[in-house]
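Since the structure comes first, as structure tokens, the remarks are kept for the end.
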Amino acid sequence: MRQPPPPGTSLEAPKPPARARLSWLVDAGCLALLIVTSWKLLHGLERGVDLTMWDEADYLRRGLTLSWSHLPAAEWGPLYSLWYTALSRLWPEPIALHSANLQVLCVLTSVGAYVFMRRMGARPLLALLGAAVYLLSAAPHVTPRPTLLALLVLELALVVASFLESREEFWAVIATGLLVASFARPEFFLAFLLASALFLGWLVRGAVREHHTWRGRRWTVATGFALGVVLLLQGLGNPFGDTKNRRFYAFCQHFAYQYVQHTHGPEDPWNQCPRVIRSVFGEVDSVGAALRANPEAFLWHVGTNVKSFADASLELFAQGPGDLSATRGPWDLARVERVLLLAALGVLGAGLLWRWRRWRSALAEPRVQRMLWVLALVEVPTLLSALLLMPRKHYLIIQGVFVLALFMLLGSQVDAAAPRHVRRAVGGLLALGLALLTPNLAERLSTETGGAPARQVHLQRVRAIEALGLVEQLPPGEQLPLLEAEGGYDAYLGPRSYYAVLHHTPGVSFDELLREHKVAAILLTDELRRYPRFRDDPLFQSFMANPEDFGFTLLPLGARGEALALLSPGHVEPSRTGLGRR
């Protein structure tokens, strides 16, 4: 028999007008509190958070260059680049765009978490607690951030699906959401396939029970779902297409990282992973081939990931932003807030254990069952990514939010008889704590080292290069080829004016890089000096000793001894085909 929803949820039977207005006011107040908390945490973010290099910079660059370039392949997260393109209409300057993206995604995913928890049956207080635990954890600040966009898509799908009584319609919406999310996180294409199988199963079951097939609304749902899937795959591609063997390269890098950490080898795992793979597995080009070539090493890698999976999952939500810990550091307001939020989760968990006899009826509630199924689908690609690659934080965010949601739903079901005055008192304390104790992240990061923005190294370099005025000296339509070792400065300097030279091209010497790519600017940092490809290259050492012999002039960038080596005017040959390189 279908269990009635607990009182106070947004899906219960129609209420008297006065009670309905009160419910809307409570939700509006909780959402307003979340937005104020987000603003308090995130305003002025550009003053304390440094620019993000490598993957995040790649997504931003692709978003800024889509007007004259092509959409990246489906396995490279085109949805996130399109998201950056949309945001760039409001924040066209790359550095402002980087900060705004984090702020917008943090706010929207936090609000989305509250709304979908409420729609799935959580009480306002517990939905607010779940959203606050997420917002004030390390999860929204993990890079790269396409996972946050995928989370936002799935939250929206859950909200839409929560209005649908039909199982077929519910799973059609969830499967579509998983497909859209897979264009930000390709591994979720597997969850889409599983959800599609569930949708098809319920569709066939319903048709068989009613002794007819494909009539009326069922036909409309099936046709609309199939058409939507075809259009998305046709427009954005197949996330499992793997046209450039990205899955194996991801395994290559993560295995190399674990192996170098274990053996203390000299290799750079992120840029020299093929060397590590060859030494362990031989000449292989797929994950399956690696397993067959050396099962012992492969299973050691998986076993290492299994051991660290639980700790990594818990740590992601136990820690706060900016490496804030509940167990270490000074007892400031931010740490007090973190401890209180975790304590609230602990009290809720203890209450669930105390009332374990109510679990059976709680788990029979249809919305809880649907949340369990959605969590199970999400868990499949999450576990595969975490165990075959590594339990990196950005693989675990969606899993963590959905586990929180399930926790809040169970709490709402099991604790339905909690006295109203107790709920009001706890809600008031939670609201007061969020309003008074939430730190400003920019201030926290900038004051940890005596007030100096020491963590904004990349931003300081970009600003120093901008101050040189090189862009103004470039002829229209030309780009400056830039060699650097941290991956992404061209994106923040402006991809219309700079393009990055691929310094990790295998088998290419420093001399060949200079000649073939006509390098006109080199960012001389400690990272470039230590870069494995160059540190043993005699020509690079000669260049570092005397750049003038190569036709370069040194332009100091700051007090750390860093400089930009710029090819002298008589030698500069900016690429006229640079815009076509992307």
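Even glycines carry a Cβ here, placed using N, Cα and C.
Now, the feature entries from TrEMBL:
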type     : residues : note
TRANSMEM : 20-42    : transmembrane segment
TRANSMEM : 63-83    : transmembrane segment
TRANSMEM : 95-117   : transmembrane segment
TRANSMEM : 124-142  : transmembrane segment
TRANSMEM : 148-164  : transmembrane segment
TRANSMEM : 169-184  : transmembrane segment
TRANSMEM : 220-237  : transmembrane segment
TRANSMEM : 339-356  : transmembrane segment
TRANSMEM : 368-389  : transmembrane segment
TRANSMEM : 395-414  : transmembrane segment
Spatial neighbours of the transmembrane segment (95-117) far in sequence, C-beta under 8 Å, 6+ residues away: 30-31, 34-35, 38, 41-42, 45-46, 49, 51-52, 56, 60, 64, 83-84, 87-88, 126-128, 130-132, 134-135, 140-141, 145, 148-149, 151-152, 155-156, 158-159, 162, 401, 404-405, 408-409, 459, 462, 492
Spatial neighbours of the transmembrane segment (63-83) far in sequence, C-beta under 8 Å, 6+ residues away: 94, 97, 101, 145-146, 149, 153, 180-186, 236-244, 246-247, 491, 495-496, 579, 582
Intrachain neighbours beyond the transmembrane segment (339-356), with Cβ under 8 angstroms and 6 or more residues off its ends: 126, 129, 132-133, 136, 318, 326, 407, 410-411, 414-415, 430, 433, 437
Maximum Cβ pairs under 8 Å to the transmembrane segment (148-164) - stretch from the list 20-42, 368-389, 395-414: 395-414
